[in-house]
Every structure is written in C-alpha cells, then in structure tokens.
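Student: Below are the structure tokens for one structure; questions will follow.
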Number of protein chains: 2
Amino acid sequence: MVNIIDGHNIADKLNIETKNRVDELKKKGILPGIVVILIGENPASVLYTRMKQQTAAKMGMHSVLKKFPEDVSQDEVLAAIQEYNEDPTVNAILVQLPLPKHLNQTEIIEAIDPKKDVDGFNSSNVGKLYNNEKGNYPVSCTSRGIMTLLHAYLDQLEGKNVTIIGRSILVSRPLQSLLINENATVTMVSLHTDNIDYYTKHADILVVAAGKPNLIKKEQVKPGATVIDVGINKINKHLVGDVDFDDVKEVAGFITPVPGGVGPMTIATLMQQTVDLTEWSLID
Amino acid sequence: MVNIIDGHNIADKLNIETKNRVDELKKKGILPGIVVILIGENPASVLYTRMKQQTAAKMGMHSVLKKFPEDVSQDEVLAAIQEYNEDPTVNAILVQLPLPKHLNQTEIIEAIDPKKDVDGFNSSNVGKLYNNEKGNYPVSCTSRGIMTLLHAYLDQLEGKNVTIIGRSILVSRPLQSLLINENATVTMVSLHTDNIDYYTKHADILVVAAGKPNLIKKEQVKPGATVIDVGINKINKHLVGDVDFDDVKEVAGFITPVPGGVGPMTIATLMQQTVDLTEWSLID
C-alpha cells in the first residue's frame, strides 16, 4: 500500500525547530535577518516573496521585502545587493527568480556574498557542494527540503538508484550533488535522453522536476519506489504535479502529493537556512 | 572493428596549436607563466611536476617548479600561493596532488586565485561549470582532455548515455558536468552502486576511473561503445588501465589504450589552459 508523504507535517516540525532556534538566538541578543528581493510583478513571484517575507516575520526574524519595478537597471539591483552584503542586520539575501529578461541573472546571483546566499546558488557554494567539501555553506532550499523529506521516510539513501527528470540549476543539479554525497547513484535525465524509461524503471527514488503536468505514469515506475514530485502546474484552476498521482500511487511505495508535498519544504528550509547562516556568521 | 583512440596524436596536435598561441602572445610582448608547486617527494608527483614544468618551458613559457619539503607548514604554502596570486608574471598556479596528510588540501586549493586556478578545482570554478555558466573559467585538465578526445572521434555527445565509474572531484565530477552541459545523460557509479552492469551495459560512452587494474570486462560493455580508460596502474613494472584492454577491444567501437590514451591529454590540456588563462587575463 502506498504511503503519502506529508510535506506539511514535516515542514511544520521543521518550522517549530527553527522558531525555537530563533528564540534562542534572540535571548542572546541576536536577531536573524532576511531580505527578499522582488523585481517586477510576476504573480507567482509576488505570492512566493510575500509568503517568504511573512513566514520569516512570524518566526520573529528581521524580515524585509525589497521591491523593484520591472524595468529596474542591473546597476540598481547590484547596488542594493552590495548594501545588504555590508549590512550587519542582514544574514540572508534572496533574489526571487526568474528575473526580467533585461537583467543578467548570473551576475546578480554571483554578487550576493556567499555567506548570505540563502538560496545557495552562488558558484562558490555550488562548487563546495559538488566537491562535497566539509564545513558550513548554504544549498538550494528546495533540494535540501527534498532531502529532509527523504530522510523522514527512508532509512538510508546509500546505494539507492535515483533518477531525476530535469536538470535545472535551481533544484535538479544541487539535489544530484546532495544525493551523490550520500552515496546514492544518480542519473539526471532530460529531453535529450533517448530512453527515459530505462532510468525511471530502475529508480528506487524517482524525482520529477520536468514542469510537464502528469508526465509520469505507473508503467514507468518501479514497484515500491519513492516518488518525489517537484512539479507545480495549474490546470483549470487546480494545481497538479508532473506525476500522474492517482495512476502512480498504485505502484509507488511513497509518493508526494501536489500540493502538500515538496512545496511546504521550500519555505521551511529557507527559514532553517536563514538561521543557519546567522549561526555560522557567529563562529566565523 | 575496434578503433584505438590515439591520445598521443591528439595531444601532439593540441600542443602544436598551443605552441603557436604562445608564439603569437610573445610577439605582442606577453609571456604566459606557470608555477607548478611540488610538496614532498612522492615519486609519481616528482615525475609529473617535472614533466609539466619541462613541457611548459619547451613551449617557451615562463615555467617555475617550486619545491617544498614534505613537512612544510600550511601557512608557508598559503603564503607562497598568495605571492604567486599577486605576481603578474604568473598566469597559472598548479599544486600537485595528493598533498601530505598534515596539510589542508581544500584550503590550499581555495587559496589559489580562481583566475589562475589552472586545474579548475577552486569551488567557484567548479560551481560555474556545474551551473553551466557562460564566460571563461578553467576546468579539470584531465576531464577537458577527455572531452577533446571524445570530440575528435565522435560526431556529437548530445543524447549519448554515459556511465562514469568513479566519482572523484579531480576527474569524474567535472567530466560529468562537461558531459551534462553538452546534453549527454550521465550516471556516475561507485562502489556503493548495487548493480553497476545495469549502467555500464547501457553506456554509449563508458569512462572508467576506478583505480582498479583490469576491472572492466567485455561482458559489461555495450557493443560499439566508446571506452575511455582513466586508470594508470603498475603491475610487474607494466602500466595497465582499469579496463581489460585485450578483452574489451573485441566489443568496443573506440577504446583508449593505457598508456597512450588519456595520459598525454592531461599535460597537453594543462598547457592549453595556461595559455587560455593568459589570454583571458588580457580581456578582463
């Protein structure tokens, strides 16, 4: 029988833990601070940034939502980041993606101080993760959130065959690094892969981050596999994932629903990592 | 019929090209400079560093072999790197690995200016590669050398299924990044993988970097596959690879011999990349 992975439950537990850590820091006179930068008015971005800013505020953190108009210049964004890099009340800086096309996303991400790069996208943090360096550094919140889900439901990841559909730098690639560093065997497949099923059918853990509604059917899934659905697609006002949930739950061992699976973990991990960055800044 | 990949031939061609680029730079009054740092007296390291330093000198570059005793302190090494980072006659800094155990290898690699990091191991260069960033940055010489071999013998890498045995940060991981960025589908397998053959038999390109002599036999190889052997093992004074060459050549389409396959590409790529770094420093 399939087990539904309860992202809300795991996220709630993590949030309680994080809130406790915030309280402990505040007792010592330390206030974790996060700045969320929103550029333009993409409805999803407006929604996500508001949720992020409000969740941090509710946890008692110093939480700023900095808005720029759609036509802001590259230099203005870089100047603001530079200011927050130097601002001791700010421990975490997040630039909501995607950015308007006239902006250079790579340059903006690279401008964030790696020690305040709460999304973990800065190349030096990515490189440390890929090289499995010891020490403290942030990683992609969604990827780390998926790892928290996996650890909550599976005894170990070592030796597991993992197939990731999609190879984005925001989720798939950092997740691949995290899994490899825990001794899983990982294949990232893409639309260039000629026989995706060869990899999906062998996967003990199947992660789908393709952005295509109901792409994955039960015939493609190994019986008993853990299926993690990163997709968020809107169809007739309903949210659906990249996995055909009702079909795949007949064969999967564990499966995340959409909504209520991976989604809640992203913001919970963002909060967790803001506190991490604050604590790490004290021991540097 | 199998085709033997001729690493010496490809390396020679690359070296001629690199030598021409050095000559062109010298006409403009620019002398590419490389420092090779050797710590201790590991016989293989002594051999490799001498070959690197001498090849660079033969090409007309400014080429320094800086030796430290086995018991050098971390601070002395870091101070030397800092000096070379600031030295305008030095475009490329290489620290020969492995290091004596009392030294912190990560800290030493991270101390090299990313713009002079000719081995491409600095986390910021690794992260740029993994994120497929545009622009100029160095990458692992052996990995890039393998890509040069593949491009010399195969029309395209897009859509190819690749299995890499081994997951070192020096070769396997950067090679994985390079291949993914060219739209190949890559699985890195390790000793934690329960059924390695599932991945090797599906591989259009099989890269073996396991450090185990004659590990791979023909039953594990897809007929017609391209087999790249990164292993260098000494058995009874003979060098052998990680692939059982005489056995596997019966089924492979292309195969690298050991010696004479990947080996010559590493130093040739080091020379190429030293000139790259020199040219990039002019346009920054």
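Here the Cβ of each residue, glycine as well, is placed from N, Cα and C on the backbone.
Positions annotated as NADP(+) binding site by TrEMBL: B:Gly166, B:Arg167, B:Ser168, B:Ile232. Feature annotation from TrEMBL assigns domain 'Tetrahydrofolate dehydrogenase/cyclohydrolase catalytic' to B:5-119. What TrEMBL records for B:140-279 is domain 'Tetrahydrofolate dehydrogenase/cyclohydrolase NAD(P)-binding'.
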Student: What is the average pLDDT across the domain 'Tetrahydrofolate dehydrogenase/cyclohydrolase catalytic' (B:5-119)?
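Tutor: Over the domain 'Tetrahydrofolate dehydrogenase/cyclohydrolase catalytic' (B:5-119), the predicted model scores a mean pLDDT of 97.
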Student: Greatest CA-CA distance (Å) over the residues B:Gly166, B:Arg167, B:Ser168, B:Ile232 that the record ties to NADP(+)?
Tutor: 16
Student: DSSP on the domain 'Tetrahydrofolate dehydrogenase/cyclohydrolase NAD(P)-binding' (B:140-279): how many residues come out helix, how many strand, how many coil?
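Tutor: Summed over the domain 'Tetrahydrofolate dehydrogenase/cyclohydrolase NAD(P)-binding' (B:140-279), the classes give 52 helix, 28 strand, 60 coil.
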Student: Can you list which of the binding-site residues B:Gly166, B:Arg167, B:Ser168, B:Ile232 come closer than 8 Å to chain A, going by CB to CB distance?
Tutor: B:Arg167
Student: Among all the protein chains here, how many other CB atoms are within 10 A of the CB of B:Ser168 (NADP(+) binding site)?
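Tutor: Other Cβ atoms found within 10 Å: 18.
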Student: Mind giving me a neighbour count for B:Gly166 (NADP(+) binding site)? Other Cβ atoms within 10 Å of its Cβ, every protein chain shown.
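Tutor: Around B:Gly166 (NADP(+) binding site), other Cβ atoms within 10 Å: 22.
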Student: Tell me, how many other CB atoms lie within 10 A of the CB of B:Ile232 (NADP(+) binding site), whichever protein chain they belong to?
Tutor: 17
Student: When you measure from the Cβ of B:Arg167 (NADP(+) binding site), which residues in the chain that are at least 6 apart have a Cβ under 8 Å away?
Tutor: B:Arg173, B:Met188, B:Ser190
Student: Tally the residues of the domain 'Tetrahydrofolate dehydrogenase/cyclohydrolase catalytic' (B:5-119) by DSSP class, grouping H, G and I as helix, E and B as strand, and everything else as coil.
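Tutor: Residue counts for the domain 'Tetrahydrofolate dehydrogenase/cyclohydrolase catalytic' (B:5-119) by secondary structure: 60 helix, 19 strand, 36 coil.
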